[in-house]
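Written below as structure tokens is the structure these notes are about.
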Amino acid sequence: MDRSVKAPTTTNGQYRELAGAAFLGVGVPSLVELAGLAVWAAPMYGGPKQDVPLTNPAGLGWHLMATHELAWTGEATAALGTLVGGGLAAVAASAVGVRWACRRCAAAREQRRYRRGRPAHMALGKGRKADRHEIDDRAKYMARGQELDDLCWEAAEAKALSLGIGLREGQAPGVLIGRTVSDNRELFGTFEDLHLDIWGPRQGKSTSRVIPAIMDAPGAVVATSNKRDVVDATRQHRASRGDVWVFDPQGVAEEPASWYWDPCAWVRGDGGDDAQTRAAELADHFSASVDATSSDAFFEPEGEDLLTGLILAAALDQRPITQVFAWITKPDDKTPVQIVTRHGFDLVAGSLASQYNAQVKQRDGVFATAKKMAAILKYRHIREWVCPPAKGERPRRAFDVADFVATSCDTLYLLSEEGKASGGPLVSALAAAVADAGKKEGIRYGTRMPVPLLMVLDEAANIVRWRDLPKQYSHFGSRGIVVMTILQSWAQGVRCWGREGMDALWSAANIKVLGSGLDDEDFLRGRSEAIGSHYELSTSTSQGQRPDSATESTSRVTETTLTVSDLRALPRGRCLVFASGHRPVLVRSIPWMERGDAAEIRASLDAHTPNPTATPASPRLRAVPTSEEDAA
């Protein structure tokens, strides 16, 4: 709560007493001295010369006001006017000088920022005035000034150096959040902060958060999306840093399959006991793709357990992931049981055997559930992205998650759309596999990756249904993995992870950003309460029986800083930031079009955005009957 407004009945009264005492002790003697100076200077204007005791204000006032031994003349009035005018001119000149000096200091700071190459040093554009909104007036009641020092450039830079992260000249020291509305300062999340963004549809999250974060990333990047705009905007820059991998099984960006990721090879690993754990994790991603509202308390876990065993069997026997779906369609083929038995996984073999040997109705239900979970594997357009090239096919590069995190500067774009043939399970599985490799890479270096890995999970609840994300969130920051989870609403996250999971995700995130376009009343009410209230002075006038007996009183009242309706009407370009250990702050977002690297992003868009030549539609001709045909 903002408490800068003091109660008028206490502090304001003390201020009035102090002001009165100051006027009597300083103001009155100063006025007497000014009058004495005017009398002393009167001869310069032709007046009489008088003995003025300037060093004795009390005697000066006595001779001037009481005994009239000092005469006030017209020339003294002229001298007084000169003194007052000169004083006002001096004050005005001082104000102009101070303002000029402040502008010069601000220009010098901006010049230093430019020389250091800050990515957002032109965030408002040269000569461009910041747009103003009615809500901006409330920024003074939220976090501002020195309380945000540890979110600014210098603090983020110091934190990066303390973590052992080497920064290039002019490289952003963290993930840019935006500029404060109150004093136009850049705010950053550090390289160990975790982000949770909630923006309404088409409110600028890609232009203001996703694209700038990818452009500023110091190391490897994983970005998920259901559109190609992020890929096209950042691809050219990221290609200059390292290899670019675009996982596009549904043709969102029309990317040809020049490489593949073999989930079974990832599960197999070095052939140790961890293969069983990874098989269960992969099965969980397939299971999460099934609508939870139609789940069955028996068949869902049994189907997932069956899927785990089949994935493990395919991995151990070095078969492609599509073999899992083939086995699901053949409940009488017990080859998977034989494979896991041969590799020493006796308990898994027993579990699989019990499912194969169950009563027909029960067995068919379990296999049907597993088939629904793994349905994506039956589509032909998926195979070339997750299977090694067959004999006679053109060669494709194999993607290895461990090599990816070790190279430091490669980029992985994961694209998918919702629908029957959605590649969402594979997208979430690959993202989780990279995160797991990143954690292991951090452990290999002691605690954290030497160069942070950025993971931007856009459309997280739609195409990245990663069930364990809330549980693992707090561990990522300590391993050098910066995760940005971006949702369209609070309810969307609740549908994906449940209320407890969404609460856990919110609590684990260090930086929470709320954009415009939100309409969840219960969620917004909670945020309004978190922002709090502030004091304002209210003046009331009461009229007595007599016309001249009106009295005026001032009281301090409590006002809600931002109501639910204020949050619902949050204008585009404004964000509310909830950072750990800070009061909420109102921020102006910085779209990439206003950044210093906007030209590079536009060039990337021009180079990669498809520009099909428009073919005019052929005219549709209609036969018009002649007069003879009408007559017939």
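Glycine is no exception: its Cβ is also placed from the backbone N, Cα and C atoms.
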Seminar exercise, completed: region 'Disordered' per TrEMBL, picked from 185-212, 605-632, is residues 605-632
Seminar exercise, completed: Per DSSP, the domain 'TraD/TraG TraM recognition site' (452-572) contains 49 helix, 36 strand, 36 coil
Seminar exercise, completed: Over the domain 'TraD/TraG TraM recognition site' (452-572) the mean pLDDT stands at 87
